[in-house]
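The next block holds one structure in the form of structure tokens; read it before the comments.
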Amino acid sequence: MHLGMFSSTSLTHCFWITFCHSWCKNSRSLTLDTKDLKIFKVSANGQAAKFELGAQHGFKGSPLEITLPFELSRGQHVIVEVEYETSPSASALQWLSPAQTAGKKHPYLFSQCQATHCRTMVPCQDTPSVKHTYYAQVSVPKELIAVMSAVRDGQEADPTDSSRVIYRFRQPVPMPSYLIALVVGALESREIGPRSRVWSEKEHVDQAAFEFTETETMLKTAESLAGPYVWGQYDLLVLPPSFPYGGMENPCLTFVTPTLLVIAHEISHSWTGNLVTNKTWEHFWLNEGHTVYLERMIGRAMEGEQFRQFKAIGGLKELQEAVHQFGANNAATNLVVNLEGVNPDECFSCVPYEKGFALLYHLEELMGGPEVFMGFVKSYIQMFAYSSVTTEQWKDYLFTYFKDKVDILNKVDWNGWMHTPGMPPFKPHEADIKQLSSHQLIEFLALLLLQDPLPTSHVKRMQEVYKFNSINNSEIRCRWLRLCVKSEWEDAVPLALKMATEQGRMKFTRPLFRDVYNFAKFRDEAVKVFKEHRNEMHSVTAMLVAKDLKVDQSTGL
């Protein structure tokens, strides 16, 4: 795959697919997912191939139907080359102007392909059921640096343009398309471990290196629990604040934002999600539930069981709030969801994370404790490594692994857990936490958010005593400002809207906008501020906030 930066809003690519034909006799067709791509030409083994873009299917885009110029024989290798250009509106790509960067001198590009956005950047089989290796060359202006979700494989001057540099990458471990990632910017890096560097704009790189000093310790702890780390390099890239998620587990290059300081979740995805992947997005809980479980087991190993218990309590509170937001009878709160004709982005919530963890925690209690159940998780990873799985495959392996406890597993309300909306059918027992910690402050505020709004006088008094407005911890600050807005303290509204727009993490941006919108006096202000900042937001964030605020996305009204 060769990628060349064409302008400030699009890429031109020359893309190759190499595959070994082994599935049916005399096949001559190949179908790839695309969305908003301009296809110039297609060839197979150097011969021109006929192609046609099919009808547009909403968020799915258009199938690229390729007819090969020859019949294939079993075992034959074929190189299919597609020359194309992306659209300025490609949902996988966010282009930042120099003014939107820390350095203010150079533009910045980053991608986000999960769940179905890779097809706007690369013609591919854009499903987690298909895994592939990849090799890439990226040509960029020489004052910029390119990094990808792959091992860096050298660089050289662009022979066609002396003002540009070509960076090479290789990813030898099979992975799904949603994990292809690209960043181009005025980047610098610092070594933070024997297999890790942190990348950022130079204005933030030293602070980032300080924040992520525990990376190697976490990696080693994860390996002791889940098995060897197979991806070689584990780098971190601190993105500008507009990135819509706290982190993204791209292999070899985890994306994080300034609001995410604990990376155990993204590290855990190196095993659960990247190595063993949900076969379709209906089974997303397999990625996220297991990752939360492993993340908290890392926390247990490093901080103790009380730390894990407290994080579990907090997760349960987040799940309660999500179920309340969706509605207890909304099928979107099922663990296994039906996404027929539904854009997976529209169902994004903490449900697969925390309901999935709750199930695994419940099974841990039934099967004999954390050491016993972690043994199953490690075995599950080894059994399905480099492949994609469904919930039924996971469940079958669970029954096989615990074959001497099938009678207990048969008593689990599987339908209640998997296919019933609302809270889980069983609330796992959680130990009491007696010693106050910073994590407890987060959960204390989360508990208050679940109650009826406090009188305004109460939150004003809390500010006087605890000085919450001066706290910069994003998790605490978001909950505190939401509490104030729900209590209709008018002074908190500009602070809430400022936090909603100065970073782009959906976990914070959406609820802050929603709460201000629900404060009737400031409803118009919430819409006005959103419209002023929507072009700075990631397309997914802008789409979902617009829905929350009932803004017409076609007209902007």
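Glycine residues also receive a Cβ, built from the backbone N, Cα and C atoms like all the rest.
Feature list (source: TrEMBL):
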type	residues	note
ACT_SITE	Glu266	active site, proton acceptor
ACT_SITE	Tyr353	active site, proton donor
BINDING	Gln112, Cys113, Gln114, Pro244, Tyr245, Gly246, Gly247, Met248, Glu249, Arg505, Met506, Lys507	peptide binding site
BINDING	His265, His269, Glu288	Zn(2+) binding site
DOMAIN	400-549	domain 'Peptidase M1 leukotriene A4 hydrolase/aminopeptidase C-terminal'
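Apart from His265, His269, Glu288, the Zn(2+) site neighbourhood in this chain, defined by C-beta within 8 angstroms of the site C-beta centre, holds Glu249, Glu266, Ser268, Thr272, Gly273, Asn287, Thr291, Val292, Glu295, Tyr353. Nearest neighbour of Glu249 (peptide binding site) by Cα distance, taken over the recorded positions His265, Glu266, Glu288, Tyr353: Glu266. Calculated from their C-alpha atoms, the gap between Glu288 (Zn(2+) binding site) and Gln112 (peptide binding site) amounts to 17 Å. Using a 10 Å Cα-Cα cut-off from His265 (Zn(2+) binding site), the binding-site residues that qualify among Gln112, Gln114, Gly247, Met506 are Gly247.
For the domain 'Peptidase M1 leukotriene A4 hydrolase/aminopeptidase C-terminal' (400-549), DSSP puts the residue distribution at 105 helix, 0 strand, 45 coil. Predicted-model confidence for the domain 'Peptidase M1 leukotriene A4 hydrolase/aminopeptidase C-terminal' (400-549) is 89, expressed as mean pLDDT. The two recorded residues, the residue listed as 'active site, proton acceptor' and Gly247 (peptide binding site), show a Cα separation of 7 Å. The distance from the Cα of His269 (Zn(2+) binding site) to the Cα of Gln112 (peptide binding site) comes to 16 Å. In this structure, the CA atom of Gln114 (peptide binding site) is 16 Å away from the CA atom of Tyr353 (active site, proton donor).
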